[in-house]
Every structure is written in C-alpha cells, then in structure tokens.
C-alpha cells in the first residue's frame, strides 16, 4: 500500500465481474480495494442486458461516484472498472478507462493495466491507413487491431490482436455478451480470478479485491492466457505459447496491498522476509529500535525488528486524511518544519538510535525529509535501511519510472546518497535477497521476477523505447 | 487516532494562532493534524487587521476548503479554527464553529471543545429575558453571558461568564484585538500552548498540531486558566481557584493522536503500556501472535506483544481511503463478507491462534464483525483483549456516549459479550491498569484522570443531566 | 419587469402560503414569478406540522433550488419565501431571508420587503442591553422587539414591535401555528392576499405571483394592517390608525411585472398611459418610429406610439439568456461594439429617425450605451423620451438609490444629460403625468403615490438617515 | 428567438474566428448570441499556436463556462464553438461539439449545424472497414472521410469528403493552421462571414453573432462553397457546381433572431410582413386587439396589428427566467392554472376579443394551453392566427420534426385543431404568403426557400430516410 510520500506510480488497477446483480456496485467495492493502484481517475462500465454504459472521471473513486445513486443507477449484470494513475500531459477525460467504444451494431469497453512497448508504431501505422483514435492512451490499440482483424470470430480476432501488441498488459474487454481477460506473455502485472458465492466470476488485479467483494480465489491468470467468461461459464485459453513469467518485483516490494497474495505468496509476509533478510545483510550495531515509514514499509520494519531482536516501535505517524488535501505548505513553512503528511513521535524517538526501514528509494527527496524530521525530533542517530536494491533503470512495462535522470541511485553512489539524506548509515537489500524472500515456485530467471529496474536486464525487446533507453544510458555514462 | 470502525466520537478539535502572516493557512494545517477529532464540520475565522471573516461548512476540512485559494484568500494575522463531530439532529450550518458574532461596533468568534452541563438552563433563562440564539449549540451560551455581563472590561466579563458555565470546555474566543483561551476547572479536555519560530503563540487541542505547524511546545493549559494573547504578548490568568484535574482518560485510550503528548505523557507510549499491562492482567495461553485493530489499537497491540513475548503481526489491513466513501455495501453484500474498510490478511492469520487487541468497546457491533472477519479468513481462535475497562456510563463532558442503552458493557456480562462477539475469550484492562499506565504526575483522584464512563463516579455535579442520568440508570436496573 | 441594463434595484419579493399540501413547491412557483424583484439571494422556510426548516442561498432561485428534489423534500403545509437584492458589503449568507430563529420551545421565520429608517438606532440600543444579532439585516429588528415585548400574547407583541419600527416594510412572519403579514403605515411596498381553489390563503408582493400559483386575488393589504392566517382562517387587524397611502411610484414605472395589478391598477396599462402622456408632453416631430428598451419600457413605448400615431417597432433585441452570464466583455471589446445583452436591429433602424422610450434614468451609463448602439446601427437620429421624471433624491423605503451623487439627474441639467447620452433630444414625463397616469382612487397626496425621489418631499421623518440626507444635499449644493 | 413553449428544435449554432487575440472569448460572446439555436450542450475549441484544446459540456453556455476563468484560460488566436440541441437517446458527452480529433501528428476540431441524410450508410460502410467512431453524431463522418481520402492535400481531401456526404450542413473544420467553412449544395442552413476591426475573419450561423462581437458583415456563404481562412487570408472556393438555394423557411418563421439578416433580408421585418399578409389572408372581424405569443411571435403580431388597424397589446407576459428552472408544476397544479413560463395580463385581456398570433404549430399542446390561459383570464374570444402554413411533413435537413405522427396538422383538419385548441377561429398563412413575405432575390423554386415541411416536396433525395418517410406516409394514409 503506497504511502503518499512516494513518487513511484503504478499505472492502474482493474476489476471485472460477470453474471450477478449489483455488478456495478461490486465493481465499485472491488475498485475501492484497489484504489492504492491509481488515484487520478476512475471509471466503471456496466452491462445491462447487452447495453453498455460508462461513467468515468478524474480523481478518486469517491470523486467520480460521489453519491450512492451514482453507482445504484448503473443497473446491470456485468461490469468492468478501472482506477488510474495518469502521467502529466495526458490529462484528458478521453484517456480515463474503461474506454467505451460504440459501433452501429455493438459496443465494447476496455480496461488495461500495464504499458505497451510498441504502441507508438502501431498507432502511426494505423493512422496512415485512416484510423481515428479517441484517446492518447496506448490501451486503445487493442480495439483497433480487433476491428481490423480479418479473422471471422471475436475469439480469433482477440488472439490475433494480442499477438501484435508488446509489453506489459493485463486487459479486460467487455462486449454485450462476454468478458475477456488477457495477460501479457511475461505476466508483468498480476491478475487473478475468483468466484462469488452465487457462482459469478470475478477477474481483478489483486486478491484483496476478491476479499473485499466476498469472492473466493480460484487461480492466478498465467502469462499468455486469454480467459473468456460468458453465459456458458469460464473458458481458459491461450493466445501464445511463447511465455516466461517475469512478474514485476515492485508489486511485492511496494505496490500491492499487504493482504494480497500473488502466485500464492502473501505480500506482507514477503515484505517481512525482505526485512529479515535486510537485517542479515545490513545489520546495525547499538541501535535502540526499528521504525518503518508508514504505511508501505511497516511489514519490512517488523521483519527487520524480529530478525535483529530490536524493539519494533511507532516512530512516525502518517496523517490518515493526507490522501485528500489540495492545500500545501509553502516552501517557507516547509523549511520551518511544517509537515502535513508525516509526523515524528517525539516521545518515542528522542535520544534514540534508530533503524529506519523504507521499502525503496526513487528520487530520494522523501528520504532526506524523513531523516531530517526524525533528527529534528531528537533522534540520536538514523540508520536508513532500504528493503529493496537501488532503482537504477527505467521500467517500460507499467511503472512510471522512465527517466533515469530522476533516479537518485542511477546518479549517485551509496555514500553520496547517505550524505544527501543526512543518515548515519545506509544499506540496501540485494537483488538475490528480493528473489529469495519472494521465493516464487518457478524455474524462470530470478524465480519469475522482473528485476530490470535494478540490473538493467529486460526480459523482452524494448521496441519503441529502444532508442530512448540507449540515449538515456549514454547520457548517464557521460555524467558519471 | 480513531479508526472508522468506532462509534465513539469526540466533539471537536480547536486551533488558534495570534500574530503571524499566513494565520489562516497555519490554522488549516493545524486543524488538518486534528482532523481525527471531528469529521463532520470545519471552519476558520481569520482576523485581518481587526476585521473577522469566517468560512465554515459540513464535512472534512478538505471539503470546506476545497481549493488552495479557499485558504489563501483568508488574509490575516490571527485565526481560530475548529473541526467538529455533530450529533444527529443538530445538523445545521449555524452550529458549525467557529461561531461568528457581529455587533454594530465589534466582532467575536468562538470555538469550543467539550460539552456544557448547564447549557439548557442558561439558554431557557436568557431566552425568557429576550435573548435570541443563533445556533442550537451549547457553545453560544458563553457569548450571551459575556454580553450580558455588567463588568466593565472584557477580561472580567470573560471571567464572570466562565464561572457561570459548567461542564467540560476548552474555549477559544477571538476578538478584533485579542485571543482568549480558557479551560474548565477539571481540565476535561486537553489544551496546549506553543510558539512559532517568529514568536507568535499557538493554542490548540493536541501537541501533534504544534508539530504540524512547526511550533515549539510551551505548556499545557491548566484547569481554571484564562489565557490572553494580544499585541503585548501572552498573559496567563485564572478565573477560578476551585479546580481539580480530571482529564478524559479516553483521550489516552482512543482519541488523541499517538504522537501527541498530554501533560508530558506520550499517547503512543501510554497505549503501549496499557497493552503491556493488559498482557499481565489478561494473558492468553498458546497463542501464535498478537494483532491490533488498525489504526487506534496498534500501539496497545505492540505493548501486548512485547510483554507477552508473542510475535506482533499484521493480521488486519485498513483501507486508507475509507474516510471518504458514501457508498456502502447492502446488508446482503455485508452478509456474504463484503467489507470496504477492513480486511483480514489471510496469508497471516490462516490456522493461527490470535490475540486480537482493540482499544475499547462501545456498541460491540464492530468487535463482532472483526472476529467474524478473522475466523472467515481461517483463524483457529481469536482471543479478544480490550486495552481499557468496560464502558458502562455516559460521558457529559464532551464525548458522544450519552445513552447507556447503547453501551453493550452496561447491558451484558463479559461472558455474554464474548458469546455475542464469537470470540474464544475476552478480557478487559482494569481501571487501575489505565491509571497506572498513563501515570500522570498529580495527586488528584485517579492520578488526574476522569474514568467516570467506567465507574460512574463523576467528578462534578451533572446539572441539566442529573435527571436524565437517574432515569437511564433506573431503566438499566429494571433491564438487568 | 427590470431589464438587466438598469442599475436600480428593488429590495425583495415575498411570498407566503398557509394550509395546503405542496406549500414549498407553491412558494417556489410564486417566488419564480417574483424573481424580477431580486436576483442575488433566495430562500424558503417550510412549516411541517409545526417544525420550521429553511433553505436559502446566493443567486437566483434556480441556483438555490438546483434540482426538483431540493423543493420536493421540503414537505409542509405552510411556507414563506423571499427573493433578494443585496447591497454590496452585506454579502453574508446570514442576511439571506427568510431569517430563521430557533428558540428552545418555538421557531420563527421572517421575510421582509422594504427598508427600515430607524434600524441602526434600534440595534445599538438593544445591543447595549445584551442582544446578539444574527445578521446585518434591518429585518432582524422585528424579531428582537417581539421577544423583548412584555405583552402577554403574540398578537400584541407583534403590534408593539410594529409600532417601534419605522420606514417601508411588508413583513411575513411565520411561527409553528400561524402566518402574519404586516404592511407599514404608508404602504410603501405592495402586498396582496389571494386564495387557492382549496381555500388556502396566499400573501405576496404582486398579483403576478397569485396568477402563477392559480390563486384568486382577494384584496390589497392596506397600510397599517396586520393580517393573521391560522387554522381558524384569516383575521384582518391593524396595529395603528396613523396611516396614509404613499406607495412607491417606481413600482408602477419600473419594478412590478406588467401583468400585476396594484390597488386595482394594471401595471402594463399604467405604463402605456405614461407613454401616451409622454407623447403629449414631449412630442417628437418628423420621427419615423417608436422603439422601447426591452423589456421594461415596451409598454410605455406602445403607449407613445399609439398616442403619436407613429409605428411601434422592434429596434432593440434583448438576449433572453442574459440573466445568467458571468463572463463580461473586456473594456476593449466593449469599445469596439461588443454587447452581450442588447442588440440593435440594423435592418429596422438603419437610416431612421427614432423615438427611443426608456422607463427611467439612474446613472445614465445605459442610456449613453443604447443611443450609441442605435447610431452605430445606422439610426439617423435618436430622440430619447423617459416615461418618468428625473430621479434626483434617494429612497429610504426599500429601493437601492441612496446616494444622490450616483443619480445623473441630481447632478446635471437636461441639456447636459442629452449631450452626455449623445441623443438628438431628451424629454422626461412630469410628476403630475405619473400621478395622473397611475390614477389611484384615493385622496392622499399625489393620489397615494410616493414621488419623493423626484421631488424630495418624503412622506415620513427620515430618522437614522436624516443626517446622511442633509450631508448629501449640502454636498450637492456645493457641486452645482 | 424561440419561446420555451415550443417543441420545435433547431440542431445547433456555430461560430468560428481566425487570427485575433481573445479568440475563445469572442467565440463565447458569439455563441451567447446564438444560444437560442441550442440549449442542451455547448463547447469551444481554441487554437493556441497550433495546439487545439476543447472544453464542452451539457446545458447552456453559462453552465459549461461557469466562471470567467473558464474562458480566460483558453488562450489562443483562433477558435470554433457550437451550441447544440440533442435529441433524446444521444445524450452523450462525446456527441457535444466541437468534436475534437487528435492524431499522432495533428489535430482537428469539427462543428456542424444540420443533418446528413446518408450518415448511417456511410458509417456502416466505414465500420465494416475497421473504422472506430467516437460519437453517435452524424457530424463525425466528415472526419473519417477526410482521413480516408487518397487526395494529397487537405483542400482536395475536404472537397472529396464534402461530395460524399448528403443533406443539410454548415460545417466548421479547424486544424492547427487553418479554418474551413463549408455549406451544403442547397444552403439549407444559414452561414455568414464577417470581419473584425483588426481584420480577423468570423464565420457563424447568424448575423446577430457578428453584431455581438463587433464584426462587420461581409457576405452570406453560398451553397456548395468551401471557405478557407488561414495566415494568408480568406479563400472562397467551391466543392461542387450542382447547387440550388433552398434555405429553411423555418429560419425566417421561428428560429433565427429577429435582428439577424439572412441573404439580405431582416428576420424581424420578414416576420412583420408575414403578420401583415396573414391579416390579409385571415382577417378577424370585430376584434379588440392583437396580441402575440412572446417572444417569437411578437414581430408577426405587430405586422398583423399594423395591417389590420387593430391596437397591438401586451396580453401575455413571459417569465424572463424561464430558461432555467428544473422544477415543474405537477399535473395537478397545472390543471388548477399554475404556469411558470407564461402569464396572461388579466387587466388587458379581460372581456376583450383577441387576435392571438403565433408563429407556428407543432404538436398543438402549447396552443391549447395559451388559449385556455387567456380564456381563464377573462378573454371574450380568442381568434388564433398562425403566421406560417400547417406543418405536415418531417424535416431531414436539421430540424427536429422527423415524426409526422407528432405533427397535429398532419393528423387533424383545421376545424378539428380549432376545436382542440378551444379557439373561436383558426387561420394559417399560405405557403405563397411565406414565400412572398420573405421575398429572397433568386429565381430558385419557392424563391430559394425550403418549404418541404409544408408541402412534402423535398429538394433532394432522402437517402437513408427514404424508407422511413414512405412508412410514415403509409401509416398516415391508413389513419386519415
């Protein structure tokens, strides 16, 4: 569960359900459990006896659906929904998902988590042939490819289209009579299937959304699979055999909710093991207590405390209303210690030697601020321990860290970072530490994790991003 | 910091600052840190060179001040603000504080935390003499009494008025040229004074708001004190000598933020000690782990775990967006396990014997729901431990628990409650346990704590509530 | 019916109904017909079995009641409502009427059209005695006086209070069991009583509101009368015998809707007669046609055309959406002829000699703009004829023209004005012309009309305004 | 200018300007003058140095642009805008114009007044080829056809596309470097070009919008023309020679504002001539006065009065705020005479024999209601005269009267209608009367007017509507 003090952003959570009354309401509840995956836009498409209606808007789910009637009036037996993080510049209503498409004789709605690596090429190619795009979202490509496919049934059109797009994607596609779910060949993003007590199927990004709607977990969607749910039940098919699991390790480290399970591994427990491993790899002598940055680092901090034998304490408190304020302290106020989101517990940290556990470091601005906050509150020393390796490379599969110049670890040594943060010591978890702590049951490389942002080894070609990546790396070389 | 799953509500947080630019902005930031004390209304009165302007409305601070300009346009050098919990039936804009009063030649604004016990008598008396009240709030009485006072200066008018009102109150009164703060003779509610780096004084409900605005803590306001802040600085005076500290123990147990200090005692640390004492008083054999109900019970759970030697685990996750949704699951959905606010971490609790620590029990509906949630998630057993004594009597000094028929502990035995909750065992902390854990440095009864809701011994006469209290107790006797 | 191009503003329209289902809805409909009397605030108080609830806000009725449910949820058998013009500086929600007053044992709501001349003195006097005012509105005085009255029944308390206040007023006062209507001793403002098919009584500012709700006109309330409507029907009483009719002549000239009748005289017909009299008093030779400034001057223009034998034409068109735009042309755009509210019909006026009839002139800015608009559209000549005498003195009884320095006719000669307006000639109707055209059946001075803004002879003492009036006149003398 | 009491709805007004600062503001002002052409949606696309941004929404212009900043922040040197009437069922934001289209390398925006007769065929054809439509609007076809054109420059692509679409259309197409305007081969809808003092060109639906923005009229766009405005000035070209003027006669009868000129004919004057001709064709004996239904019938009523020598009177008053209320009287209230939009002036009509002039009759419900209103107000007799022929056939070129079953004149004889309306007599203007009164200078059939809704003779093939039209006529035959 992300703390607001991070600048790392997942692009999206998705939820779909087929064959139950109150489909839109369940989708709202499911998305509410996935809100941590995107706070800048939300939408729901409901299917009422074959007629699809979409409601979407900017902000949190509670901004878009701002009264009970806003959901209640969306009558229907199936629905898909989406919560979204939008990158600056693409701030258009048209980009908020589900994307609705109306044809003379039918309707589609698409929801997508991930990032395509050949979206620009496809769009240029199709526009040259007369295609008109509704949005600036890469998501829309799938719709065009489906409609341009010469295959004679929708199943095969889907498969053909899915084989053309590249990158990271978990797609939900609803038509008047069915719901498809598809996962990319590397399974970069999580996607699970569950079942309601009344037999209706649910497909969504994390198991926490299954729990929220009272659905029983059935299975993790596998790389390359195409799931179809319709009146005759669920069909598990595949559109490619060329697959290899490489799920985003940041899901375990930071994005996913601690109560979710991914491929059978509980996220909180994985984080706790990372914290324990971190205590082994990066111990601190003579510390008085371990504290975590709320909320995303608390599991790792517990693990560090348990392994090290140090007391686990509440040294930082997060304002639970901080998701919502539009009002920020001025820079002058900030300088004099004003902090609206995080507070140090003076009565706890005063005079103490602290192990401060954080899950990851992106730009480093937050780390610097938190160390200062604790020292201003009287901490004797702050030993910063990060429960993941240094982030040094961009992600092209759905996390918003595409510019290496913004990644402090790509530009500074560990000692430089320690100095910038004002910490007394600084240590990171190893890549192997992450891999062992998650410990997925697979013989894929890195036990099925994508760790490209740590080691630069991408599990797929980069297509449209190849050139950008090379340019970034060259620039970086020249800087070092 | 209250979890949303409680039905216990503090009436209000207050914040005032005198003599600094950006007074309204600082008040916004201070109130933001006090938002946990009231979520149903908020307001700020700013003093711009002697001219007072008030903005107030329903909902969270972020609803009332819904754009940066909403605060920025409130130019001024002093301000007071208020966040409010409103009881049903008094849902009028006129009741939202600060209460603004405009006279032909001057202006006042009042903000109040607490509850007066002779408000009804005063109002009836004054209305018979022709007075017209703006609001249905007990707060307004002070204004009428000040204006009716025959004393010839405002200081003495304040003192006269403060001696007439009874009950629990922390008042802020701003005029064009000064800011008063006053605390009731028992100090039922917390009130602290701090100072900004530029020398300006701040008065507010909790030290967490001082931290939020970068102010240094100066002192706790004492029972019976009347503080005046104006161009010539701060004056500490008193309006009565007949005082005896009896601060609300629920502030330590549940209301106050863990990072606040009250009379020198850190709230988190006090809660941790309560948890440790609870482990001594109410141990559980053969348990696997301790979990707390987020967020208000986590400190006590840590204390219980540390004292008992059991692992402290994350067995429940609270949806961090839950403060805001207007959309509720239907009863049918609720029955099938839908829960939008709290989730059990199945991967953690499955098959385990749990010690579940909660801070207090009011109606008991939440306890029942959480026990069921954990058992549905596969917990082998749930041993519920409450880090406070059973709530059996109403509060008349500012907490919204006036009807004993709603208090489950006033109506049921511990064994009956255990059965209702579906817990495997149930244990409460003793009154002495609370008193010793907080451990205020005073020789007042109960070491300066009000524990009347536990033992029915009120530190003051009840005035207008005497009759109501007797009727409630009689009814209760007849029921048992 | 006022055109937006005027700067003369009536303070308020009022409507009350007692003893019918849908009382709030009828009040909404009645106020909708009175919207021309005030566009800056609106409110309704409904009485549901003795419980009074008020909804009020800034803007048009349709801004305050912005959905059907906003009115439908105001269930009740009686209601009063108000539309309001608010003077700058008193832009507070608290001033929007009806003013609601809640006492421990009862409730009141007040709606008022007019202006009291001793409000400031009363308020100062009562504040010295400890009274607290809710609003900065003069309306509130009546409530305080009622409550302070030592009389032992409400009828007598009302009468005592009404004898203390001075100036122009039509009051509606609703309590849980009755509705009072009271008119000042000069009847400055119009007030009529009607009856619905089901027998329920209606009291309101103009007969157009009776027509709008389907009520039959019963009688005009007379100066000094106090009407009471309750379960036993309607009672017509009086609180003073010292009365003399002096109804505001501007009601006939400009404010009232043309379809209203006042003391038996239809407003449109009176205006038409003023136009005809104007043609006699101020003829134009060699004109081609008569045009009126829409909408308030069309009746007078028709009268002028009919009497003079000239064709009546549509030379100006008013944008029917102009009540609502917040967006104004910049000064630069205005200079180049941009006009969002009024257009000249070029095809009609090009090359023609025009008689342009307007109802009155306040500041003169509009007249200048309209003459320019017509000349820019190609008019050969524009002969401006005003269907009322020059406005030279302030009104203290409820019209917002209190500063003579803003009245062009108080500062300039007719020839000066003509030159400023750019008109080819300029003529005004005489005071006697107004009096004869309205022709009320009474032997009061000026046949029962107040014409003080024309001749400076006020029918009452000015109380609090005496000094202000003298100062203004002195200043004016020094300027001339 | 339409009265609200009509159910005839024009689909849209358009406005474009190229090459001036404040382009969006001028477009707002221009659209404000065209608001009568569509009240259910509005939008503006601004072009800021080649970057196009669109803001659009439901309701009046003042709903969509609800603060000055909403327009001010749309910086740019060119803009197009649209006001819209949307038929039920197509109530989607996506249909509100201008329609924005974003391509990888360019942007377009389209605004359209009219209705295409082969839109369905084109859409089906293109969807079969893989095209995806954004909206359900027929407007969008042009964009697809432009993009699919194989011509090698945009001018020729436009021409090719314009030759494929059929029906009534006035189009504005803005790209980053130019603004096109195109009119259909029959010129069904009006479209004019003007010039601002600074030289910038304006294209819009009516001359009243030119006047509103201070632009000088230059010329009426002719059927089949394609106008291009860009940095090098204005180019007048044509895309077809196969043209014949058949401008909608309802523009003169009802839609256009009285101050607009169409092909050199002033609308008010044309209406006045229609009224005069109506007096000749359908005189009334022994009438006392002529009254018109405000506001659209006032010109015709003046003409009737002038020609007949009867006095012109104000017998009906329209509530000037009626454009905005969401709150309607219940049917029960309506029965008892409640009317929120129109009032009879009792003081004028009581006991009188009236000639009531209305511009046209669609369903007839309004006529019935107005006759009743006047009789309830005491009119001795009401002789209804309609300043246009009976509407008996649907329009396929942009007016929303497509279902003949809704047209009372298609289903009833004149005597039947008279009885339904409760009028004492009823008479219509002849088709020749309309043609002669408008009197356009052309030798096209009906002097260049389309009168198909009166005589069923459509100036073009009906394409997609052929079948629908035949079915409707057959049904009608069977009913008669």
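Just so you know, glycine gets a Cβ as well, placed from its N, Cα and C.
TrEMBL entries are annotated by machine, without manual review.
When the candidates C:296, C:299, C:308, C:322 are compared with the Mg(2+) site entry in TrEMBL, which names C:358, C:359, the shared residue is C:296. For residue C:12 (active site, nucleophile), the same-chain residues lying six or more positions away in sequence with a CB closer than 8 A to its CB are C:37, C:38, C:82, C:83, C:84, C:85, C:97, C:111, C:112, C:113, C:114, C:205, C:398. DSSP assigns residue C:12 (active site, nucleophile) to coil, not to a helix or a strand. Of all the binding-site residues listed (C:358, C:359), C:359 sits in the most crowded Cβ setting, with the most other Cβ atoms within 10 Å. Taking 8 Å as the upper bound (exclusive) on CB-CB distance to chain A, the recorded positions C:12, C:296, C:358, C:359 give none. Mean pLDDT, taken over the domain 'Glutamine amidotransferase type-2' (C:12-232), works out to 94 on the 0 to 100 scale. Its Cβ placed at the centre, residue C:296 (Mg(2+) binding site) has 26 other Cβ atoms within 10 Å.
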